């Protein structure tokens, strides 16, 4: 027996009285207010997440891609198993390259391709082709407009130090990648992956390297990552066949053989030679190479958190009937800078060749700073936060009585029309009866929860405020995940070239805790090559006390003097030195921006703390005063870039001897002296200011600051100014703020 339909009508609730309706907030008004508040917070947070200053050129020209932010780097070594990045070898670019000494990886990025007039979201799978002293690099570039890969090229005429972009050289209606280039009978051929077209094609260069024409279809199978090698009197085609049923993306490695790259290809007797069923299988990850008479195949392992990794196999047997390979150790120093390193997360391709001009092996490797699926993961997490926020908004509205969600029970009233199938009708009525019971229970629960928080009382307002803060926090997290980027603080290239600098700090034993944080933080900055610690007093730290992603060298001094900051050091491997006090903390992006400005003005002191010296006799003035006057003529070297060869030689010249004695006498003014020495050697501006996004003076928390009495400190420096003016002349004319044009000196 089922209750009559009249029993299913929603009962009249006492909460629906006119008085209650007047007290209840209008749901639309409540939702609009909350939504507006969260939107404003999210917008403000998104604005704060974005770069406070103009973003790197690479970030402006490269469009994000779900597959990653791949780029290519150059490596050199005495053997294919001892490759080091090009910055390790101290290769430098010409003077017009923006003081790129040493040149650093990545060598080719999507920004370089975009500058050549071709939209690009990443570059990957690079292959080299040597022609005399010219080194050509062919690589996949993904076009964000067509969402497919094209083949682009670049050339280097200085052993891989710098690269000139040649643009896209092969574009088809389908996706292209893995541009394997080789020569045969005096002609140059390219065999790119074209599995999306269902075959493997061979192209011949008509006008190398810019123009190519289809020579023939080699195999009518969707092979991926294929290579052709000449070994033991035969040509061997090795690739991964994805046409077989159930073929896995990681493998199904197969071999074909022939007497010529242009002749018909015969399948290997044991195809598929490597598959997921007979052991781990690794697709080709580059060109096979011969070293000490042995043939090696490069493979790539896909999957996992790290995404991809490179494997090397020594081929033991390669005949028409047999194939055997064994994995050999391939040790590669993976960067420890995480997302700040261009290849900090993964690599999946390597091509190595012997470079006769340098008597070294040269290799090109691709790399990505974010793990596989990083962008999709960020989007998923971001929208999850938004979903939780929306749910909490509804719950908050219910708790304070602003939202009353009631499910109409008439939705569950059974239909009264005549039915032919009585059993079916009874089942339908029973289902609707159960639904009505469920809806009634939900309505009762809503009535119980509704108005549980009286926002008119102080306690209710505290609850509402706490929930609102949680909502705001979740909204900011979601906004950060979706719009905040990959979290990397990337370097700023000049003319497509990157470089590195040495970070130098001076300290002593009482500030060891500062030093530990200093090293841990700044060693992860992308362009930092090495950290040099000038140790003035006390027991120096041992290596395992300092956690660092780059080499740390502690230089113990015999005398506790501020002059040690500028001691000539032949072991410094970079032209640029960043002098930075160990108690100053700032983002890596601030260092990268300052380094870019210095590369544009390598003859100047580029720093973050401007000062003004003016008057007769000159007085030492603060940054605040300098801003009121509209300009500055000094930069504190406690946070400044300089050419260490130029600066340190000037500081230890005979001319500066009296000034150094004053520094020892006052235990102060070493940075003032260096500013005078630069000004004395030039008639133009010798200082450049870069505004940091934020800085923290850690000495405020330690009690070991050198100059805690600001007034006394400024008085001493004014004495130094007066004396240095007599010895070395006046400082250069006042340099105006916001005069450089890059928006970083406001």
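Glycine is treated like the rest: Cβ placed from N, Cα and C.
All TrEMBL annotations are machine predictions without curation.
Record note: among 6-27, 28-49, 28-49 is the stretch given as transmembrane segment by TrEMBL. Annotated by TrEMBL as transmembrane segment, the relevant range among 438-461, 462-485, 486-509 is 462-485. Across the domain 'Glycosyl transferase 64' (501-732), mean pLDDT in this model comes to 93.
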